[in-house]
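Below is one structure, written out as structure tokens; the observations come after it.
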Amino acid sequence: MSASGKGLLGLWLYRTGEGWALKEAPPRAQPPVSVSTCSSGVGVMPDHLGKDLNSVVFSLKNQVGGLARALQVFQDLDVNVLHIESRASSRRDSEFEILVDVQCDESRMSRLVAALRREVAAINLAHFEGGAALPPPTPLSAAASFDFGEMPWFPRKISDLDDAQRVLMYGSELDADHPGFKDPVYRKRREQFSDIANSYKYGQPIPRVQYTPEEIKTWGTVFRELRKLYVKHACQEYLENWPQLVKYCGYREDNIPQLEDVNRFLKCKTGFQLRPVAGYLSPRDFLSGLAFRVFHCTQYIRHSSDPFYTPEPDCCHELLGHMPLLANPSFAQFSQEIGLASLGASDNDIDKLATLYFFTVEFGMCKQDGQLRVYGAGLLSSVAELRHAVSAAHKTKRFDPDVTCREECIITAFQNAYYYTDSFEEAKDKMRTFAGRIQRPFGVRYNPYTQSVEVLSNAEKIAALVSELRGDLCIVSNALRKIHEQDETVDVASLTSMLHKGIELDPSAASAAPPGDQGCSSAAASAPSSQPDSPNPQ
């Protein structure tokens, strides 16, 4: 990596024990510069650059992309970088310390250092006193993508999903026991689907596929048999969305829906988007997609020799199993929350989350009208296992994340157990509790306006989020007041209790808030309750 190629102002920077010492070097000519990794460095900046010359030092974990993310701060503030040096830290083997010479005035330098301190441990050398120690990383710093030890990289923007496409199984390569392994025509067809998925980039329309008569026949066979079972066994949320998929996406026995049509439909319904994939993704990459409301979806279909069996997800599984429920707001939120919980999680926690996803989104059941109904896509796309699951009462257990996460996931045979809850909301509440125990030194939140994940790593970021939420609460408060004015039977207390459920707040905090900083609190308080003296009905 090379820097701007401009001259440098000489700064002698060297260690004295655990600290840094700084001296000015005499001006001298210097060739075009590049990033160096020497133990000490000298550079000179020509006089025509003026006095707005500063330097900053920060520490980084030794991992891919750490420096690029730190330097993004300089670009965002339009600060000209003149020279960069790196050296190994004498305090920690896993860290490097970076010296950056910049050209900017004091005002912008202050903003730069403040911004860097939110991302890394930073020090402004213009205010440096010889021998001072480099400050340690802040406890909740976002340094190097929060790699406190070996924290995994995770996508921050929806376009970053282009770099999270690790296919673990199948794709264009089939195992010897795959039904299509000995069929050269099928294998060639799978290569075409893999090429589509591997060349796809965020923002592109999903390529349309001209399915063959044999593929459509296989689809029709599966479609026809499953439709007979849905009315009796599928959950109500699934059945409610089916007519719309028929109307807007071409769900028919003689037609395989195009992913692009379903993608547009889902985006209007719940904000979910589809992305073509070549085969089994790694659990981490698949779950990270859900955090952005992106569902990785296959376009190929199972081999025609056995329409009711597939060792891998195919378009029958995706389109018949997943899509109707991804069009349901509550289920879409449930899926996204599992994805958000996975960002930055350890490999062990990823395994647990993937297992919980498997036994809920893929094989989950819930009670409706006193009967167990199916919402798991793995069941809703398998004629044999759907019939087995609804008749195997001895295998049905109540969903408990701490227990379910240790269950074995079986791919090529029926599951040893199936888990149910009384509702989607119960499943979401239990998953939220489980996710809250995942060891991460930060929280995450999806911003739908920028389609990015915001890392809530310090009080300033959380305060900004609270400020934004207060605006939404003002809207809710005013709407409740107006509704109650027109209909006094509306149970405002029950509605407002939903805002407090699951949120632990210090009651004294609100009373300690300074006057004039109450926002919509007066409006919220003025919203009358139909049960002012009764406890929370829930």
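Note: Cβ is positioned from N, Cα and C throughout, glycine not excepted.
Residues His317, His322 are given by TrEMBL as Fe cation binders; from Glu337, Glu362, that same site also lists Glu362.
Annotated L-tryptophan-binding residues in TrEMBL are Tyr280, Thr310, Ser381, Ile411, and among Arg302, Arg387 the one listed with them is Arg302.
Relative to Thr310 (L-tryptophan binding site), the binding-site residues with Cα atoms inside 10 Å are His317, the candidates having been His317, His322, Glu362. His322 (Fe cation binding site) and Ser381 (L-tryptophan binding site) have their C-alpha atoms 9 Å apart, to the nearest angstrom.
Here the Cβ of Glu362 (Fe cation binding site) has 20 other Cβ atoms within 10 Å, regardless of which shown protein chain they belong to.
Cβ contacts within 10 Å of His317 (Fe cation binding site), excluding its own Cβ and spanning all protein chains shown: 22. In three-state terms derived from DSSP, His322 (Fe cation binding site) belongs to a helical segment.
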